[in-house]
Every structure is written in C-alpha cells, then in structure tokens.
Amino acid sequence: MASAFKGILIRSPPDVCAETVAKVSQCNRAQLVKNSSTGFKNIFKLSEARKFHAPVASHLRSQAVMAPASDPTSTAIKRVFTFGKGRSEGNKGMKSLLGGKGANLAEMASIGLSVPPGLTISTEACQEYQEHGKQLSAGLWEEILEGLRVIEKDMGSYLGDPSKPLLLSVRSGAAISMPGMMDTVLNLGLNDDVVAGLAAKSGERFAYDSYRRFLDMFGNVVMGISHSSFEEKLEKLKQAKGVKLDTELTASDLKEVVEQYKNVYLEVKGEKFPADPERQLQLAIQAVFDSWDSPRAIKYRNINQITGLKGTAVNIQCMVFGNMGNTSGTGVLFTRNPSTGEKKLYGEFLINAQGEDVVAGIRTPEDLDTMRSCMPEAYKELVENCEILERHYKDMMDIEFTVQENRLWMLQCRSGKRTGKGAVKIAVDLVKEGIVDTYTAIKMVEPQHLDQLLHPQFEDPSAYKDRVIATGLPASPGAAVGQIIFSADEAESWQAQGKSVILVRNETSPEDVGGMHAAIGILTARGGMTSHAAVVAGGWGKCCVSGCSEIRVNDTDKVLLVGDKVISEGDWLSLNGSTGEVILGKVPLSPPALSGDLETFMSWADDIRVLKVMANADTPEDALAARNNGAEGIGLCRTEHMFFASDDRIKTVRKMIMAVTSEQRKVALDQLLPYQRSDFEGIFRAMDGLPVTIRLLDPPLHEFLPEGDVEQIVSELTLETGMAEDEIFSRIEKLSEVNPMLGFRGCRLGISYPELTEMQARAIFQAAVSMSNQGVKVFPEIMVPLVGTPQELGHQVSLIRNVAEKVFSETGSSLSYKVGTMIEIPRAALVADEIAMEAEFFSFGTNDLTQMTFGYSRDDVGKFLPVYLSKGILQSDPFEVLDQKGVGQLIKLATEKGRSARPSLKVGICGEHGGEPSSVAFFAEAGLDYVSCSPFRVPIARLAAAQVV
C-alpha cells in the first residue's frame, strides 16, 4: 500500500505544490484502506480538493488506491469507454455493450464530428451491478474516475471546481431504445460553491436557472421525489412575484427557488441534497442501473418481446449549453421528412434554450430555417454533418444538437422512426442516390410499415386519446369508423342503405359472415387473435378488435356497456385495429397510401426472395384481391365458407346434415354441386395460370346449424327440411359432441360420408375442365384435412382419383392435378414419411397444429393467455407467432421425413402464421416452398420472405 501511495506522488503532475505533497503524506495508511472501497472520497472529497489546484484533485482521484478485496469483479474486462472529437474507444457496432446511444456517440466522435467529450459505462457493468447486490464495485468506480479525468483534460474544466466548473449529463442507453427507463439528468456537479463560480463566468440568471433545473431533475429521477413537489414551489413563487413564465423570473427569484428546492429534499426525504459532486455522480449511475429492473421497464420489455439484453449502459457527457444567449440554441431534426420521406431536413430549433425546453413544449419551437438566418456558420456545419451521417450510417437519421455561443455540438444520432409511406420512399430514394443497394433497402422497411400503407389509418392518433373507452386485442389492423349494430342481418341491411357499420358481438360464428362482410369493422367481447372474427376480418383486410373484456354486449336491448357508459345501436364508434383501442365517436381517417415507390420496392423484394407467397381465399373476389397484392397462387380455399354465401345454400347444407340415408344426403349434395362448381370456376378464372389449393370440408357439421336454444333450432329446421320434430331432435342428438374440434370433422366426414368427398371433387374437376376449355390455365390441388394416418389419406385419395377419371371420361378432357394433405395433427408430423407415400404435397395447418401441440383451445385461450404473457411464461401468443421450439420442430421433422419418402414433395403452410414476419423467416430457413396467408397480408409476407435472404 505504501509503495502504491508513493506512486501517486511520483506520477503527480509537475505543478503539484509542496504543500499538497505534504498534506497527502500525512494520510493515515489504515484510513486509506478503510475508505478505498468508496473511491477515496472520504479522504479527498472534491469539496476539500477545491482548496488545491484542480488538476491535482483530478490526478489524485484517478490514482486513488482501491482495495482489491472489496471488488469481486476483475478490471481486466474494460467497462468504461471514453469518446471525444476525433477519438473513441467504441464504435457503432458495439450496441450490445455500449447501448444504442453510447455506440452512436462513439461513432460520431470517431468520424470527427463535434461531440461533447464523455464516457459510456457498459451494459456488462450493469449486469455485474445487478449480480453483486446492486453496489458499484471499487474497480468499476476507479475506471469511471479515470474516464472522468480524460473528460476533464479534454475540456480544461473539472468536476467540483468553482473556478473551472465541469457539469455533466447522465443518461441511460440500452441496446434497444426503451421508453420507461431513466430520464435524463442535466447539470450534474452543481452545488452552492460551484454555482457561484458558474455565475461569475456566465451570469447569475443562467447559473441559478441551471441549478434549479438540476435540483428538480436529480430529485425526481435519482431520489424519487415527485416533480410536482418542486413544481408547487415554483408556481407559488411565480404567483407571489406576479409572473406567468419561468423566463420572467429574475436571478434573485431563482436563488429563492433554489433554496426552496433544497428544502424539498428535507421535507420529502428527510435528508439534505447531496452537495458532493462525486456522490451525485455515484447516485445518478446507480439510479440508471436500478431503472433496468423498474416495473415499467420490465413491462415494456415483456410487451415488446425484448429479451437477451445484459442491462442498460450509462452515458456521461460534459454539458454544453444552448441557453447562454442569442448565439446559443438547441434543436432536434430528421435528415429527411419521417412522414413523407422527402429529402429535406425536418426539425425544430429554439434559440437560447436547453434540450428539455423543446420536448416540454414550454416555448413554441421554430423551423430550422430560423437557424440558417441567425447562426449561418453553425447551420452550414449542421447540414454537412447530416450528409456525413446519412452516408456513414446509410439511413435517415434522427439527430439532437446544441449550439453554444455559435459552436455546434452533436448530442445524439440514431436511425429515425418513420411512417410506412416515409419508410418506402426513403428506401427507394437511397437506392437511387447510390447510398444503399436493394438488399439493404429491403431490410430498411418493417413489415408493420406495409400494414400502414395497406389499411386506412387515423390521421392523428394523439387527438383521440381522451376518448378511448376500452382496449381489446389488435386482431386485424387498420382503422374503422361506423355506427354500431348488434346482429349480422341488421349489419347487411344498414350497409345496403349506404351506412358505415361496426358489428358488435360477444363473439362471431360462421353464420355471421354476411354481416361481417357488410361491416366496416368488427368488435367482439370474447375471442383471441386467431378467433373466428380475427381470422375472417384479417382475410378481408377489415379492422377488428377482439377479446375486449372491458365491454359488455347486451344483444336483447341492443346496447354496449363500458363502465358507466351506455352506447346504443346507431351510436358512432371508432376502432384502431393496430392498437386495439375502442374510441367513442368519429375519428378522421386517411385512406391507404399506395404509390409508385411501393410498387418499385415490392418488385425488389420479389427479385430477392426464394420463398413463394400464396393466399388464403374463399371467393373469386378474395382471389382477385390476393392476385392484385402479388400472390402467386391460392394456398387455401376453404369450401365450407361458400356454403354461407346465401340462404338457399345454407338451407341445402342443413338438409344434407339432417339426412338419415346416403340417398337423402346425395339429393342435397346434388343441389349443392352447382354452387360449388360455379365458385370454383370464378376462382380458377381469377387465378389464371397459378395453382389453386382447395381444402375439402373441414369443420364439424354442427357449425352449419342455426344458433339459439334447442327449441329454436328444431323449429327452424322443421320448416326448412319438412322433417318431423322428433326426427330432428334425434338427428341433433347424434351430431352433438363433447369436444367437436377433436371430433367428427375433416377427413372423418369424407370417410363416413364418401358421397360428400365425391361431390366436392366432382365440382372441382368439372370447374377445372370447363375453365381449361375456355383457355384458362388451371392448376388444381385438392387438400384433405385433418389426416392422422396414411390409411385415412389413402381412402380419400382413391375416391378423388376415381371421380377425376369419371369427369375426364365424361367430358373427353383431362388436366394435371395434385392431391395432398394438411399436416395439423402432431401424429401426422411424426409419420410424415408414411403419409408422403400418398400425398403429392403437404400444407401445414399451423392453427390446429399449434392448438393440438400445446393442448390449448383457440376459443378459450384468451382466459389465461394474458396472464401467461404478463408473467413471462410465454413470450408471445403461439397462435400469432409460431412456437419454433415445439410446433416449429414438428414442421421441420415432417418436412424432412416427407421428402425422404418423396423428394419432389411440395411443402407449404396455410395457417395465420403465414403472414407473421418472424414465422415467415422460420419457414424460409426450414426449407418450405411457400407460405399462404390472407390476401391483405401477402405484401407483408413477400417482404418478410425477402428479408430472410
């Protein structure tokens, strides 16, 4: 210890005076060891060091001996990284270690931009802090003090020195931007002595205004004192002085504010404001680290599925001031317009202000052109810096800057947030300007950006926040404004009268599809992200908010109850399908903004991607919409949806269901055949030259029966079928199932009622031959649902091929076709090699496969899923985002086993996961040939598939 202490004296700067050396020599060795764990602060507090030459104080701090035993971590791993103009110990590629803010500050410094000198404490240091009892280790504190000495040397000013005061800003900065972390602390290092020195140099009003801001910020952010506690004191003083604005307070007034603010610490915390600048810095750093585990931060990470981060970094920089008169100012800007993508600086600027003044809205900011006229040199440098940063980062940048007495300082840069329209234009323009290639441009647009372009959006979401009455699940994106209606029939009737309606139901059923189609938006009290309402609405591109448990739907009285509000039929509601918000009244809408840039951008995505993108479509209209959105075929056509297209069809289906004998059933099926054939012809025509995959009847038969109690159902079926009531009772009893989704459905229907499969196959082949004879290129693919054994599929394939031969013989025409199956039962995935002997293609039905693998009912999962997500038991809704570890492994296994038996096997997926970006990436990496999703998600899937390459 003695030799180490001697080293301090040997390494002291040449201007260390003899008096200082003597003072240090008197230090008690034992006392030094005792206090070393707190960074030498009790021996040479900065308040004492001010008596000596400031460089000596800084030098002593940096060389203070730390007791190794008190630090369980090793300083071999660098944890503090400094930066300043033209030099940096970090770079933009170190975001995981330095956080986004720290990495970008280091990068700006290294390329020669004017960045206030500073240091970044790494995310690994935060991790160590959390793991070691939330204490700053002696070794880390020593590194911080060494970094602080570098800042002091750069600036020629010193923390705690009244004659040359150095003030600091302290900010958090995780690798991913996370609102909910700690707010900024500015002007750290001020106390009664330092503020007097600052006042002598820069004027009393500036100094004491900075001091009162610091007391407020530090108290709120670091000490946990409510901002209102300070604000109350300020407001009372302004009233007493007869002024309204902070800027009207005199220096004398501000001194009074400072004293009152210091009293707040005593009143609220029972302790004095910590005047020691080192202590202030320690507490601020600890507050940033502690904020990583704050409830708000944890909740934010859970909601946004942010995992795998070590913690937050801490950025400490010397303060620069925009509030030092009319040659100073502060601003924020985007290097291009974030809303439109226009290549023009877009931002705001305030003369004689600090950064928080822009954000707080105390003063109205001015356009950047103001800066051009009043600070031409600084503005010119700013424009040059913007061009440098865009070309360096190859992106549109969000920049914060300050001008202090005509000198420009760059405070922060990051990739700028942008709208969908802005994102596409910026990506296209950057390619045209030669800054990025098309591969890079494709990755600059998020799939959610396309959602904005393909659905109507609210013009200004911030304008309606006070009218949000409930929040459900954002089941289908976009926005809808309409009058509420409580029945599907009424929705169709009102829509026929030219009214915009929102269908409100407890939950929807297949029988509601007419009203759902007529409605501009759908709101349900029950159901999840893959409920009937969500799936159907998503397929049509309609706005839907599902599972809104805050509302109570009273169909009888035709009212919607939310808390103490009663909303009646015909009242106006607005829905935000992207956020799940339910808003009272009308909110202005913006139509979808399709443009030439979007077409250009999507053509690049198509050139790059390997995975094909098809669509789920059940009608000719759906098929045409899918094709217009770039679909390369139909991956799923659900024949059961055609049965609900008219009253005649559904009544005929019910006759088929009620039939007791195969002869009776065949009569009803013969009546259905023309309907099915006509629909298939329309779809084949719309998809001329592209494959169409048609799934045979899948849902349980009870779904086609009327809703209501048994007496109502029997009464209605008696009228429709002419059967006696006791016969209908008997038939309904036989159809009744305890668990219909695992019961009499899928291929089990076709095996039990072969005539059903034969009718559907005949309709498909007759339609295909008819269209082919009219010059339409037809590629039908028939898909057998819910297969679990090769024998089930073999039975159905034999029936289908026999019907094909009969139709070809009857018409004298033939064509190529495929027969395959849906893999949606876990057993089918495990024996996929055997099933592939009968199947020419596999299509994974990930909705049912997820349901059966997890053992979750899609219709009931909403009761516990929110709890699972909030507790971190699940990271995401498995019906929305593919479970890659479980369901995904079954898909991989089935694909490998299937192709081992049939190398030419075509493999795809037709569940709702086909339009979810991270799931699409998995399917591409797993070697699937295609994904199929709703028509309105086709562009998103096209982009996601390209981003994988």
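Placed from the backbone N, Cα and C atoms, the Cβ positions cover glycine too.
Model, not experiment: these values are computed from the prediction.
Together with Arg638, Arg695, Gly845, Thr846, Asn847, Asp848, the substrate site in Swiss-Prot holds one more listed residue from Glu621, Glu716, Glu824, which is Glu824.
By neighbour count, meaning other C-beta atoms within 10 Å, the densest spot among the recorded positions His532, Arg638, Arg695 is Arg695.
In this structure, the binding-site residues Thr846, Asn847 were compared by how many other Cβ atoms lie within 10 Å of their Cβ, and the smallest count belongs to Asn847.
For Asp848 (substrate binding site), the Cβ neighbour count at a 10 Å cut-off comes to 22, with all displayed protein chains included. Each residue contributes its Cα atom, and for His532 (active site, tele-phosphohistidine intermediate) and Asn847 (substrate binding site) these two points are 12 Å apart. Packing around Cys910 (active site, proton donor) is summarised by its Cβ count: 28 other Cβ atoms lie within 10 angstroms of its Cβ, all protein chains included. Around Glu824 (substrate binding site), taking its Cβ as the centre, 26 other Cβ atoms fall within 10 Å, counting all chains. Between Asn847 (substrate binding site) and Cys910 (active site, proton donor), the C-alpha separation comes to 9 Å. Same-chain residues with CB within 8 A of the center of the Arg638, Arg695, Glu824, Gly845, Thr846, Asn847, Asp848 CB atoms, the substrate site residues themselves not counted, are Leu636, Asp698, Pro785, Met822, Ser843, Phe844, Leu849, Cys910, Gly911. Of all Cβ atoms in the shown protein chains, 25 besides its own fall within 10 Å of the Cβ of Gly845 (substrate binding site). Separating the Cα atoms of Asp848 (substrate binding site) and Cys910 (active site, proton donor) is a whole-number distance of 11 Å. If you measure from the Cα atom of Gly845 (substrate binding site) to that of Cys910 (active site, proton donor), you get 6 Å.
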